[in-house]
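Enquirer: Annotations per TrEMBL:
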- Y72: active site, proton donor (ACT_SITE)
- H132: substrate binding site (BINDING)
- 39-306: domain 'NADP-dependent oxidoreductase' (DOMAIN)
- K101: site 'Lowers pKa of active site Tyr' (SITE)
Amino acid sequence: MNPSLANFILSKTPKSILHPAPTMNTAIPLNTGATIPALGLGTWQSAPGEVKKAVVHAIEAGYRHIDCAFCYQNEDEVGEALQDVISRGIVKREDLFITSKLWCTFHTRVEEGLQKSLDLLKTPYVDLYLMHWPVPMNPKGNHPLFPKLEDGSRDIDHSTTHVQTWKNLEKLIQTHPERVKAIGVANYSVKYLEKLLAQATIVPAANQIENHPLLPQQEVVDFCKAKGIHITAYSPLGSTGSPLFKDEAVNEVAKKHNVGPGTVLLSYHLARNSSVLAKSVTPARIDENRKLIVLDAEDMQKLESIHKNGITRFVYPPFGVNCGFPDKPDGIDLSG
Ligand SMILES: NC(=O)C1=CN([C@@H]2O[C@H](COP(=O)(O)OP(=O)(O)OC[C@H]3O[C@@H](n4cnc5c(N)ncnc54)[C@H](OP(=O)(O)O)[C@@H]3O)[C@@H](O)[C@H]2O)C=CC1
Ligand SMILES: O=C[C@H](O)[C@@H](O)[C@@H](O)[C@H](O)C(=O)O
């Protein structure tokens with residue numbers, strides 16, 4: 001074809017045909033060769049009695065990615081939901097992407113931690129197993145999940161390190177590839193990632209971090225991109241009560257595209273080539289959150305301007321640990 005004719009046709013072709021618009025199940029590549037669906041249903045703080053219905057509803061509505069964790073204490077019900085939709089033929093296990101996370105009191109017992117989640121979730125394998133925080137806690141303390149010292153502070157296990165935990169996870173995937181398809185981390189700053197990568201033989205497939213226009217964490221996102229580590233964004237709506245729905249700039253972008261603020265907050269991550277987790281136990285919201293759009297450079301510029309007046313981190317548990325994030329300098333350094 002005449003090159004100028006080809007250019008003419010290209011110039012008249014809508015951008016969405018050249019670059020298909022992302023959907024909730026757009027497959028984003030991981031460094032393992034597998035892919036992760038762009039949108040996942042979050043399950044943190046989804047109460048027992050509600051979470052089964054939420055997961056069943058989500059999967060029936062087309063979600064294929066469910067984010068779970070042992071410490072959410074609801075994996076048993078999530079497992080009931082998975083069993084339900086699989087037994088009714090709504091979906092096959094291999095069409096789902098299930099993430100679970102190793103809790104802090106299990107850093108020295110990774111196989112036990114994984115098996116507990118597999119049993120609760122009633123699944124033979126997880127697609128991604130993450131170290132939930134780079135913070136080992138006492139496995140023999142006064143509580144199985146949140147052990148505390150007499151002064152009320154969290155009981156940190158100083159006899160091991162997050163790097164050793166990673167080595168335990170590397171061994172786990174090598175010895176049990178049928179039970180865990182990929183390993184990754186969560187809540188890792190650049191500082192902790194540098195320490196981990198210096199001794200790792202497997203590069204984490206993903207780093208799940210709090211991420212939204214009020215906490216872009218560009219330094220972590222750029223570092224992970226350079227190392228081939230996929231970013232999954234958590235608390236994209238600002239966590240409990242979705243406070244970011246009220247943000248003025250988010251609402252301006254939403255108005256321009258005639259969509260709700262949630263669509264803008266979730267689509268922001270697709271523009272950054274990250275996957276994103278949205279939690280809801282409300283069927284109408286689970287449906288609404290499926291809508292994603294392509295944001296343009298002007299939209300992204302507006303969203304990127306939000307944090308210029310100060311960032312907000314909504315999730316930071318009282319470990320008393322400095323996890324290496326510049327906005328949280330207090331606490332002990334466990335980077336190793
Ligand atoms: N690795 C980690 O350490 C962490 C991982 N995560 C993961 O990320 C997921 C998402 O983050 P999370 O902190 O839960 O917060 P989100 O940013 O997903 O916000 C959840 C809140 O927004 C509400 N909501 C959801 N959709 C809508 C909507 N369309 N309109 C209005 N309100 C809405 C929910 O209410 P309701 O449910 O009542 O509808 C809930 O109160 C978690 O559930 C978890 O799976 C989160 C934090 C830390
Ligand atoms: O995934 C969600 C969060 O990380 C959550 O697991 C922690 O904040 C936990 O409740 C804690 O208090 O340490």
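A Cβ is built for glycine as well, from the same backbone N, Cα and C atoms used for every other residue.
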Enquirer: Counting across all protein chains present, how many other Cβ atoms fall within 10 Å of the Cβ of H132 (substrate binding site)?
Expert: 23
Enquirer: Could you measure between H132 (substrate binding site) and K101 (site 'Lowers pKa of active site Tyr') for me? Cα positions, answer in whole angstrom.
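Expert: Distance between the two Cα atoms comes out at 5 Å.
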Enquirer: Calculate the distance in Å between the alpha carbons (Cα) of K101 (site 'Lowers pKa of active site Tyr') and Y72 (active site, proton donor), and round it to a whole number.
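Expert: Rounded to a whole number, the Cα-Cα distance is 10 Å.
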Enquirer: At 10 angstroms around each C-beta, which of the recorded positions Y72, K101 has the fewest other C-beta atoms nearby?
Expert: Y72
Enquirer: DSSP secondary structure for K101 (site 'Lowers pKa of active site Tyr'), reduced to helix/strand/coil, please.
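Expert: Reduced to three states, the DSSP call for K101 (site 'Lowers pKa of active site Tyr') is strand.
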Enquirer: Average pLDDT across the domain 'NADP-dependent oxidoreductase' (39-306)?
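Expert: Here the predicted model's pLDDT, averaged over the domain 'NADP-dependent oxidoreductase' (39-306), is 98.
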